[in-house]
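Lifted from TrEMBL, the feature list:
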- B:35, B:36, B:37, B:38, B:39, B:40, B:41, B:42: GTP binding site (BINDING)
- B:31-201: domain 'CobW/HypB/UreG nucleotide-binding' (DOMAIN)
- B:1-23: region 'Disordered' (REGION)
């Protein structure tokens, strides 16, 4: 395997559409829940341990070679609101385009053919990691990191926060990312014996609610 | 590491630089329109649609700073039916969406191609940005950069990738030149110095058929594109 491939996959500049999404931060800023570095950190921490853990589990399971179609259903079951399902599939399509060009593999081709309108993004990322020869844990790390780095970057743009504060915040969350990625990979290990129910299913109802509301805004900077 | 051999991996879905769609049919010519805020990009798109829509099947993708503002202008002006206009959100970074990460724009273009097939021309309008904003060649076939005389007649002299490399430079709002003291001749000289043989067109969209030269330029590229795709 090439560990460098993980850096490529986790890089915010990887052209897979993520830059246009705030991970719920735009809506949270509008509600006043996120207004400075401290509240952003609380937001990211909450997101990481709920949605982030769930997505990292799906990514790890896909990277471990479990059936992506079963995982796609499992992702739907773990994404209760229609707006965020649509976002996950749209980002999955965009990730698929980038992944097929960057880490071509038969697994990606098969999933693209089965889900032409897009599979949930974490599984596509997991398959891309697999194609690059990375491990389930690597895929979980990439997803966990993306889960907080995306909102942090968006908040810098929305609130004109000091970008150095945002990077400091991400560094402080490193132990939590370690814990989430490790838990996600361990859960993915258990899928063979226990099925997809072994995967984390943590959710954040407030993220779901504001995500659905945000989709109905007529004026917004971010797609989600 | 178990990368599959590249020979087994057709690249046809990963980018769309070729003139043909996956099913072998000709895809539409993709024309990007970029330029600073307020230079008249949306008005140019509207004028191009009005001039070319009877002859060609057209669709538009807008990249608004704030979602749908430009798309709604085009809808209000009724230059095309609503299903032919799509807005892409850019996460406060309009240049990223047309250059560094074009995936959302490509998706929008491909969706229009699928639903409106056969399509001759897709106009992709960037969000109002700065002088460095250019389109990726993975997204557009040719690009137009629109500036205007009222933002300062020194803009062509300042250069930047948009001014120097766009396939066509449009200097808009020439009707305002006397009111803002803009020297059109100096702008033309500066533009030529920056661009060499690349074409420059001066427009005033308030006059009848003010978009004509730009429309002719697009039509010429479209004709060339169709010949290439037919080979």
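Placed from the backbone N, Cα and C atoms, the Cβ positions cover glycine too.
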- Message: Comparing the binding-site residues B:35, B:36, B:38, B:40, which residue's C-beta has the most other C-beta atoms within 10 angstroms in this structure?
- Response: B:35
- Message: Helix, strand or coil for residue B:42 (GTP binding site)? Use DSSP.
- Response: helix
- Query: Taking every residue in the domain 'CobW/HypB/UreG nucleotide-binding' (B:31-201), what is their average pLDDT?
  - Reply: 92
- Determine which residues of this chain, when B:35, B:36, B:37, B:38, B:39, B:40, B:41, B:42 are set aside, have a Cβ within 8 Å of the centroid of the GTP site's Cβ atoms, and list them as they appear in the sequence. B:128, B:146, B:147, B:148, B:172
- DSSP three-state assignment (helix, strand or coil) for residue B:36 (GTP binding site): strand
- Query: Around residue B:41 (GTP binding site), how many other CB atoms lie within 10 A of its CB?
  - Reply: 29
- Task: Show which residues of the chain containing residue B:42 (GTP binding site), separated from it by at least 6 in sequence, have their CB under 8 Å from its CB.
- Result: B:62, B:70, B:73, B:74, B:125
